[in-house]
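In what follows, a structure is listed as structure tokens, so that the remarks can point back to it.
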Amino acid sequence: MLDIKLIRTHFDEVKSKLETRGVNGEELDRLKELDENRRELIQKSEQLKKERNDVSDQIAQKKRNKENADDAIASMKKVGSEIKAIDNQLEDIEEQVKGIASGLPNLPHPSLPIGEDEESNEEIRRWGEVPEFAFEPKPHWDLGTDLNILDFERGAKVARSRFVYYRGLGARLERAIYNFMLDTHISEHGYEELIPPYLANDEALFGTGQFPKFKEDVFQVDGHPLTLIPTSEVPLTNFFKDEILDEKDLPKYFTALSPSFRSEAGSAGRDTRGLIRLHQFNKVEMVKFSKPEESYDELEKMTNNAEAILQKLGLPYRVVLLSTGDTGFAAAKTYDLEVWIPAQNTYREISSCSNTEAFQARRAMIRYRKEDGKIDYVHTLNGSGLAVGRTVAAIIENYQQEDGSIKIPDVLVPYMGGVTEIR
RNA sequence: GGAGAAUUGUCCGAGUGGCUUAAGGAGCACGCUUGGAAAGCGUGUAUACGGGCAACCGUAUCGAGGGUUCGAAUCCCUCAUUCUCCUCCA
């Protein structure tokens, strides 16, 4: 959610910035009109309430003195119904204001390249050597199926398409990877580990920005006001929902492993094979709560934390700064980490690190008290560190050998009980 | 799932329709006192929204949302959470 006062005072600036993100300017004109209307009604209503409070005191006084107060009571009866009428109108307008305001994306940070989509994204840096194979590299779904460590057919049989079973050393590899990731973040990067709820209520999903606009992307539990989390960003960020933190407790870092559930409505036909786009996948998430003035430093550090995982795993990747049009709803600035996928001869997203500034904090009411006693919204950041399934895919493909076996990256060998390859 | 009790400010806690602008206490901050500290005394101590350059003023908030009333922390309804007992369960 954007600051309504900012929209009020810097209207044209906000409007043109949001237009770079594909927002229709007319919506903002309407919002401005509603906001003015709203403030007028608030003043009317509050003035009448003051009158009612004052006269009620007088009535109480008279009653105590055993005097007659019928006239005052009669006139307050009228004021009461006036207040009710105005408040009803106000409620209606506030609903409309919230309807528009909660659907507006965050303002883009000035450093973003301006553009409609991923075509305008800017590559920041590359790391690692893209492997040269003396043979035709196979896609991970063929390698995984042949090695009997991934079973997509049975996943589809028991659930539906886009679900998978990991088997044997495949399951162990997944577990090795996420344990390695969590251990690295908690012991080298200063994060506190959480195991969060995997279902969240509507308020939490509103807080991080999935609701009300992106309901079709998630799985909701029939008969319960709960949704399967599409990312543990939801329970991690909402951990401090409605709380006022102390400045000395900032920055605060959380990490968690969780499954993520996504309906993938609208992605029919894309990545239909393999581990890249499933309805359920494991992800190690990083979330930070930061003072506003430090949040962009924290974003760089968080991105580096995610990169450290790829580097230790020896997976080549590049860092991409998303354009205004490609940046997600809640984010002011996002770096994507894209890992090399040999069989597709391209880089594919494996992490996304964002600073949402106060956008989520305002929705979830996460604030902090400064040294001087003043209260302000924190900045929240989130990033994948990393998507575990896609990491498995990247390892299978980048570490494949001519005979179809997979070499295990050195850092994972201890987590694999000494296993150095899968064959 | 069934029965009962509870939810008040930073914390504890009083408060069954109007002298409650939420008593009292603790904590915290500042001041007085002191050689210094403790004790004592005094003052202050929430959040949101609206108005105002500001000082400040107004409105709302006693778990949440509705309702009754001129007026609700207080009465009524719905819901959430916590605790106790039963049931079930890993």
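Cβ coordinates come from backbone N, Cα and C, glycine included.
Record features, source TrEMBL:
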type	residues	note
COMPBIAS	A:42-55	compositional bias 'Basic and acidic residues'
REGION	A:42-69	region 'Disordered'
DOMAIN	A:172-409	domain 'Aminoacyl-transfer RNA synthetases class-II family profile'
BINDING	A:Thr231, A:Ser232, A:Glu233, A:Glu285, A:Ser384	L-serine binding site
BINDING	A:Arg262, A:Ser263, A:Glu264, A:Glu349, A:Ile350, A:Ser351, A:Ser352	ATP binding site
Binding-site residues: A:Thr231, A:Ser232, A:Ser263, A:Ser352, A:Ser384 - member with fewest neighbouring CB atoms within 10 Å: A:Ser263
Neighbours of A:Ile350 (ATP binding site) among the binding-site residues A:Thr231, A:Ser232, A:Glu233, A:Glu285, A:Ser384 (Cα to Cα, within 10 Å): A:Ser384
Residue pair A:Ser263 (ATP binding site), A:Glu233 (L-serine binding site) - Cα distance, angstrom, rounded: 17
Candidates A:Thr231, A:Ser232, A:Glu233, A:Ser384, namely the binding-site residues, that fall within 10 Å of A:Ser352 (ATP binding site) by Cα distance: A:Ser384
Cβ within 8 Å of the mean position of the Cβ atoms of A:Thr231, A:Ser232, A:Glu233, A:Glu285, A:Ser384: remaining residues of the chain near L-serine: A:Val234, A:Leu236, A:Ala256, A:Ser258, A:Ser260, A:Lys283, A:Met286, A:Val287, A:Asn382, A:Gly383
Subset of binding-site residues (A:Glu264, A:Glu349, A:Ser351) lying within 10 A of A:Thr231 (L-serine binding site), CA to CA, in sequence order: none
Number of helical, extended and coil residues in the region 'Disordered' (A:42-69), per DSSP: 23 helix, 0 strand, 5 coil
